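Engineer: These came from TrEMBL, pasted as-is:
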TRANSMEM  B:6-31  transmembrane segment
TRANSMEM  B:71-88  transmembrane segment
TRANSMEM  B:127-148  transmembrane segment
TRANSMEM  B:160-180  transmembrane segment
TRANSMEM  B:201-221  transmembrane segment
TRANSMEM  B:248-275  transmembrane segment
TRANSMEM  B:287-305  transmembrane segment
TRANSMEM  B:317-336  transmembrane segment
Amino acid sequence: MIEVQKASKQFGELNALHEVDWSVQEGEWWGIIGPNGSGKSTLLRLLSGTEQASSGEVLIRGKAASSYERKQLSQMLAVLQQDGLPPVHYPVKDVLEMGRYPFQNWLGQELGNDPEDLIEGIMDKLDLRLLAKRPLDELSGGQRQRVALGQVMVQQPQILLLDEPTTYLDLRYQHQFMELVGNWRKESGITVIAVLHDLNLAAQFCDKLLVLQDGQVTGSGTPQEMLTAEHIRRVYGVEPVIVQHPVSGVPQVLISRHMEE
Amino acid sequence: MHKKLAGYGGIGIVLLAMTLVICLGIGSVAIPIRDIVMMILHHLPWIGDDVKPDWNPSYEQIIMKVRMPRLVLGMLVGTALAVAGSGFQGVLRNPLADPFTLGVSSGSAVGASALIFFGLQYSFIGSFTLPFVAFITGILTLWAVMALSLDRGKIPTNSLILSGVVMQSFLGAIVSFMTAMSNKTINEILYWTMGSLSLRGWSYTLILLPYLLIGLSLVWGQAKSLNVLSLGERQAAHLGMRVERVKFIILLVCTLLTAAAVSVAGIIGFVGLVIPHVIRLLTGPDYRLIVPLSAIGGAIFMVIADTLARTVLAPTEIPLGVVTAFVGAPFFAYLLHRSKKHGRGGSL
């Protein structure tokens with residue numbers, strides 16, 4: 001599905017990414033983790049085609065991401081940004097409908113079937129029906145992020161890129177959001193790649209993790225393999241304790257304070 | 001959406017027709033509305049022959065030769081500026097943007113002032129010299145502003161606005177200089193820059209019309225892109241938009257519209273800023289409504305403003321730009337106040 005081969009990205013003097021090798025199979029859910037400034041978002045931008053690699057290759061379905069027509073790429077790949085959607089005055093339903101943009105001609109006419117049923121169905125799934133006519137700028141952060149998820153669902157992609165999607169959400173909405181993505185994946189089999197800060201959330205939802213530090217890959221594999229005390233100490237420079245989640249059994253990371261006598 | 005457009009559009013067109021008929025009747029010679037309606041019907045194809053002329057023939061001269069061309073030109077200028085304004089606001093995503101933000105009007109003004117200053121306004125191609133030169137200098141200004149803000153193949157919105165403001169003040173200084181140095185008793189440069197629709201026959205209408213038709217349909221066609229663009233440029237790109245291309249097309253089309261309007265009527269402020277906002281406050285943020293309704297709204301507003309300009313102190317004419325600002329600003333303030341009360345926080 002996605003092949004990253006020796007991809008590097010420089011911003012002036014700064015090496016944001018250095019010779020990243022990575023391969024994603026169809027239907028997998030990957031988490032990209034790593035400290036601030038480790039190149040997570042840059043990697044995501046190479047995948048989404050908004051930035052080009054300085055050297056190396058980013059292939060999506062065997063073709064360089066930058067060689068796709070913008071609309072063609074967006075028919076296949078959707079992105080949910082960290083800050084989601086700005087508080088515009090458009091009603092929720094209009095914003096959802098904008099997800100059809102890649103399937104419309106330059107006059108804004110749908111090229112395929114009428115998307116009305118699709119949009120209605122997604123509003124039901126995400127519990128947005130009651131909000132359909134409310135303008136986006138009157139919704140809470142959690143509701144707005146749900147609309148943002150709805151918009152990418154309307155886009156019907158095969159690949160979903162999430163850039164720290166839960167940053168501004170409280171505990172309940174974080175889990176609700178991840179569960180919604182999980183349900184969607186179960187139904188449609190899409191490939192999900194999520195940049196995440198919360199290691200425990202990543203361990204619970206992702207099949208595999210890619211760990212970045214200073215623009216380089218320090219490891220990739222299952223959460224059990226990646227979230228070891230030694231690895232986290234090395235990458236994040238903190239003193240971790242790894243416990244097993246009592247229900248699911250996935251590793252969870254606790255941080256110890258530097259206790260001084 | 002289509003129902004809403006048909007509803008508002010219908011109301012708009014009826015309002016426009018009423019404004020037209022009433023404003024045609026107002027003037028030094030008052031002409032009854034019934035006669036005006038019959039005269040217009042008489043000049044329409046197919047049904048025209050069924051209407052027997054029973055009005056004073058001199059009325060027909062006044063309406064068809066004097067008031068009608070001026071009023072139609074006013075409509076077109078108003079429409080052009082309002083549509084351009086909605087396009088600029090959409091692309092620049094800035095509520096203060098208007099057709100003059102990028103300095104197009106100042107560019108046209110420099111061309112026009114230079115011609116007037118050196119007494120060349122009727123050389124080369126007669127009375128069309130001035131509109132032609134003003135149009136060219138307006139377009140050149142956009143090119144300069146874009147070149148100034150171009151950064152690695154992209155035009156960042158913020159530096160575009162800043163370049164526009166810089167260009168505007170620089171060119172404004174040149175115009176002021178020529179205005180001050182001009183030693184004619186009636187300062188033509190000053191009057192040109194304040195805008196007017198007087199003494200312009202049908203030929204000006206014909207110059208403006210093609211720009212307007214093409215410009216309106218292009219901007220209207222891109223209305224959905226403007227909607228998506230309001231989610232931010234990055235989000236628009238993720239949704240499959242070639243952002244730089246869409247921005248460039250709309251900026252270019254709106255500049256052509258502005259330059260065409262300014263070159264025939266001078267600088268008429270406020271229309272392009274206020275009309276799109278008024279429509280937005282009435283109907284919401286959807287550009288599929290804002291663009292066509294601004295076209296109608298701009299026409300109505302301009303016809304009323306021009307009627308006031310030529311009648312309030314008749315036979316002296318008030319510069320049109322003065323009237324639009326004088327009428328438009330308080331009306332806008334009222335709408336802003338109303339939207340605050342409705343709990344939208346005065347958001348535009």
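Cβ atoms are placed via backbone N, Cα and C, with glycine included.
Where the annotation comes from TrEMBL, it is an automatic prediction and has not been curated.
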Engineer: Cβ pairs under 8 Å with the transmembrane segment (B:6-31): which stretch of B:71-88, B:127-148, B:201-221, B:248-275, B:287-305 has the most?
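Structural biologist: That would be B:287-305.
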Engineer: Against which stretches of its own chain does the transmembrane segment (B:248-275) lie, if we need a Cβ under 8 Å and a gap of at least six residues from its ends?
Structural biologist: 73-74, 76-78, 80-88, 90-91, 96-100, 102, 104-105, 107-109, 112, 130-132, 134-135, 138-139, 142, 146, 155, 191-197, 200, 204, 207-208, 211-212, 214-215, 218-219, 222, 225-226, 294, 297-298, 301-302, 305, 320-321, 324-325, 328-329, 331-332
Engineer: For the transmembrane segment (B:160-180), find every same-chain residue at least 6 residues outside the stretch whose CB is under 8 Å from a CB in it, and list them.
Structural biologist: 92, 94, 97, 100-103, 106-107, 109-110, 113-114, 116-117, 141, 144-146, 148-149, 187, 189-190, 193
Engineer: Given the transmembrane segment (B:201-221), which of the listed stretches B:71-88, B:127-148, B:287-305 has the most Cβ pairs that are under 8 Å apart from it?
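Structural biologist: Selected stretch: B:71-88, with the most Cβ pairs under 8 Å.
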